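What follows is a single structure, written as structure tokens, with notes after it.
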Amino acid sequence: MTSLREFRKLCCDIYHASGYKEKSKLIRDFITDRDDTDTYLIIKLLLPGLDDRMYNMNDKQIIKLYSIIFKQSQEDMLQDLGYGYIGDTIRTFFKENTEIRPRDKSILTLEEVDSFLTTLSSVTKESHQIKLLTDIASVCTCNDLKCVVMLIDKDLKIKAGPRYVLNAISPHAYDVFRKSNNLKEIIENAAKQNLDSISISVMTPINPMLAESCDSVNKAFKKFPSGMFAEVKYDGERVQVHKKNNEFAFFSRNMKPVLSHKVDYLKEYIPKAFKKATSIVLDSEIVLVDEHNVPLPFGSLGIHKKKEYKNSNMCLFVFDCLYFDGFDMTDIPLYERRSFLKDVMVEIPNRIVFSELTNISNESQLTDVLDDALTRKLEGLVLKDINGVYEPGKRRWLKIKRDYLNEGSMADSADLVVLGAYYGKGGKGGIMAVFLMGCYDDESGKWKTVTKCSGHDDNTLRVLQDQLTMVKINKDPKKIPEWLVVNKIYIPDFVVDDPKQSQIWEISGAEFTSSKSHTANGISIRFPRFTRIREDKTWKESTHLNDLVNLTKSLNSYI
């Protein structure tokens, strides 16, 4: 039986190992000669992000509960959290507290920790959570509790993802897992050297196949020289549909259950669309459409948002069949899967329909199809190798959208001013890593917020710490300067000393969008990304609020 202390040491060794091979070897050596039950537990806890158990608490909630347990200042603990990881903060205050004395020696087994996590996932009341967290702390050393909290937080900070961990079991375990998503089955079959026998398991989610961005038509043909399908990119929600007899399961892009109000209607229509299917797995997109089957905007699937579209209903656009009545179809070419889908599915107008697909043979044809999609206010196209197999979790497709054209610079970018900053988390804890971007409102003479922006590399962040002149306000509403109009949810840790002397950044994104939380007339940017610093501009030449309003109007008239 593996002890928590042994597991902690393994995590420490993995963290300090230099590369993929060394990390995997450490895990392989550790699990050698252990039985399947023990190996399964070790691998499962090394991958807390894949664990289905939900603990109903984020970092701030964990801080709140342990501030009560330790009788420590919640504000002090939150401030400490701003400089690093949740595990380090809890360990620090556990060591200092006088309510529960940390154990001198580690006594917990991994099985006991796993049992605790299962129990914790079953409670939702704060009083019950406090009791469980108190009980586990009473049998922990400081380092034990740090590890337990990081398991609750679903991030051990060992710099080793699923590929590193699973391939320690067998060289192809990771690829097999992306298809089956059944860790226990992989461990049992790896011991028998029988991984090839593992297939899709109906009612268990499969890692969806993904797409990478493509910024030109020419690049698409270099990627798929033997031909491609161009499929409309629907602005809805990816849904993986599983049917087994009269049971149904619906999983999102991240393999979590889809909210019932979005998919319950499908239980009536899927048996009608697939009359011969006993068990089936479909890859699809659920979209709200109007009475003419025209897709409505992203985000309209929400209960409250849907009420704005009275004559609408949810429609499933099916683009792939991965499994049908005992037959795993992921290893056959796409054109065959699509042909099979046409044979077994009957469309139900406005409820279950085929995705719009075009067989592309030349660049001119692809350009025409893309122009048509954008003219119809659709998001773009997904391009797929006509002979491609379905590779779970891999980015083998291409997505080509309005904002990816022109070498990646999009039409709807804005030159925004850095107004503030937030502490980063994890490895970026203690430094400014996320930035509040905004624009000047000539009418009020105030600065308004548009979006938050992150994604800088470590070197850039290091330079920005010195380049940006900031004043620390610690999210205190009383310290917001008069020149800044910001809603409570976006009050930063720092504000710039003078916005008129601050940096101007070109910010691009998927599209301008509406946000009640931002103060620039509710205008924001969906999926914002930093493009470059506009050193050639002063604040006067930056995008002002009236420019932003005009820009969104002109873009909306085009798209």
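Note: Cβ is positioned from N, Cα and C throughout, glycine not excepted.
Swiss-Prot has this to say about the protein:
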- LYS233: active site, N6-AMP-lysine intermediate (ACT_SITE)
- GLU231, ARG238, GLU285, LYS384, LYS399: ATP binding site (BINDING)
- GLU285: Mg(2+) 1 binding site (BINDING)
- GLU379: Mg(2+) 2 binding site (BINDING)
### Summary
Ordered by sequence, the long-range same-chain Cβ contacts of GLU231 (ATP binding site) under 8 Å (at least 6 apart) are PHE319, SER355, GLU356, LEU357, THR358, LEU381, VAL382, LEU383, LYS384
### Query
Among GLU231, ARG238, GLU285, LYS384, LYS399, recorded ATP binders, what is the largest CA to CA distance in Å?
16
### 8 Å Cβ shell about GLU231, ARG238, GLU285, LYS384, LYS399 centroid, ATP site members excluded
ALA211, LYS233, TYR234, PHE319, SER355, VAL382, TRP397
### Query
Does anything in the same chain, at least 6 positions from LYS399 (ATP binding site), have a Cβ under 8 Å from its Cβ, and if so what?
ALA211, GLU212, SER213, CYS214, LYS233, GLY380, LEU381, VAL382, LEU383
#### Entry: Pairwise Cα distance for the residue listed as 'Mg(2+) 2 binding site'/ARG238 (ATP binding site) [Å, integer]
14
## Note on the structure
One finds that other Cβ atoms within 10 Å of the Cβ of GLU285 (ATP binding site) number exactly 22
#### Entry: Most crowded position, judged by CB atoms within 10 A, among LYS233, ARG238 as recorded positions
LYS233
